[in-house]
Amino acid sequence: MEITNVTEYEKIAKEKLPKMAYDYYASGAEDQWTLQENRNAFSRILFRPRILIDVSKIDMSTTILGFKISMPIMIAPTAFQKMAHPEGEYATARAASAANTIMTLSSWATSSVEEVASTGPGIRFFQLYVYKDRKVVEQLVRRAERAGFKAIALTVDTPILGRREADIKNRFTLPPHLTLKNFEGLNLGQMEKTSDSGLASYVSGQIDRTLSWKDVQWLQTITKMPILVKGVVTAEDTRIAIQAGAAGIIVSNHGARQLDYAPATISCLEEVVKAAQGRVPVFLDGGVRRGTDVFKALALGAAGIFIGRPVVFSLAAEGEAGVRKVLQMLRDEFELTMALSGCRSLKEITRNHIVTEYDQPRILAPKL
């Protein structure tokens, strides 16, 4: 079957993967309303394309935290990638590097920071969960820095794991041949089988619920890497994050896996961008499946977007080639959207190129 868009990979992944693995990647919290809304909210934003502009040359390149990349489409952290494909994070790292974009490695990767670094050059960020034992955190951050990672994406929306009912039904646990590679030597690499979700039990045992803004400042004392705060959805928290020294913000609802009935990330984006006032870059993840989605996010002020599920589904379907194809398809669609909207570079994408459901109807007075 000829794959023509990113969404088609999910169906293939569902056929190929064991039910427990597919459900883990695909499901959201509780009623999964936010999971649907992450996609649906994009569909309510419409274009105001401009015409008769010379779009023979289009430049999609951008600079993120000082690193030049080929496009504003990056890879979000997703856990347990070897559950999707034996090459796991290695394949994703190579695909990101080939596309000249950024990969974010999950704390809960099935390959360690050192192993991912060994795949060759590339710009990589490290996603961090803060464990109760701060020595573990310190050690991990230092290892990521030594392995050449360039930034920390601190996940702040998971003091407790959201209620993912598919994982409870499946009694989710990691397959026996896989471990949380970054924690292997610390006796924290294994996940016990439990009567509900093994991951939920692991999180309640290890992850620090006392995490607060003080810890964002503490992190800055143990690393030179810039810290992106991942999981911000309000203006209030945006302002506090910037005061606390965040180098950037990722508007995220954890792929709709934490608090159900939280709004879609694309619906929160403009509020966060306005509160940031250009002081730090604002990024978005959640629900991006088309180049048109990328354009809409940039028009609302995002400096770039991160994709999660498309990576694990394409990885399950076709390994590294699948991830490369997803990045290429999104790139091609984004380029097409730019051309058909009359934009030749990212800075030409403006708020006037879109209309959202919250905008006042544009009533233009007739010329007298």
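We number each residue from 1, going along the chain as drawn.
Using N, Cα and C of the backbone, Cβ positions are placed for all residues, glycine too.
Any TrEMBL annotation is an automated prediction that lacks curation.
The structure displayed is predicted, hence computed values, not measured ones.
Copied over from TrEMBL, here are the features:
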ACT_SITE  His254  active site, proton acceptor
BINDING   Tyr24, Tyr129, Arg164, His254, Arg257  glyoxylate binding site
BINDING   77-79, Ser106, Gln127, Thr155, Lys230, Ser252, 285-289, 308-309  FMN binding site
DOMAIN    1-359  domain 'FMN hydroxy acid dehydrogenase'
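Overlay of TrEMBL annotations on the structure.
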residue	record	Cβ neighbours (10 Å)
Tyr24	glyoxylate binding site	25
Pro77	FMN binding site	26
Gln127	FMN binding site	24
Tyr129	glyoxylate binding site	20
Arg164	glyoxylate binding site	24
His254	active site, proton acceptor	23
Arg257	glyoxylate binding site	24
Asp285	FMN binding site	29
Arg289	FMN binding site	22
Arg309	FMN binding site	24
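The record assigns Tyr24, Tyr129, Arg164, His254, Arg257 to the glyoxylate site; their largest pairwise CA distance measures 19 Å. It is 14 Å from the Cα atom of Arg257 (glyoxylate binding site) to that of Pro77 (FMN binding site).
The 10 Å shell around the Cβ of Lys230 (FMN binding site) contains 28 further Cβ atoms across the protein chains shown.
Here Ala79 (FMN binding site) comes close to Ser106, Ser107, Trp108, Ala109, Thr110: these same-chain residues lie at least six apart in sequence, with C-beta atoms under 8 angstroms from its C-beta. A straight line from the CA of Arg164 (glyoxylate binding site) to the CA of His254 (active site, proton acceptor) spans 12 Å. On its own chain, Gly287 (FMN binding site) has Asn38, Arg39, Ala41, Phe42, Ala264, Thr265, Ile266, Asp293 as residues at least 6 apart in sequence with a Cβ closer than 8 Å to its own Cβ. Geometry remark: Tyr24 (glyoxylate binding site) versus Lys230 (FMN binding site), CA distance 21 Å.
Cα spacing between Asp285 (FMN binding site) and the residue listed as 'active site, proton acceptor': 8 Å, rounded to the nearest whole number. The average pLDDT for the domain 'FMN hydroxy acid dehydrogenase' (1-359) in the predicted structure is 94. Recorded residues Tyr129 (glyoxylate binding site) and Lys230 (FMN binding site) have their alpha carbons 11 Å apart, per Cα-Cα distance.
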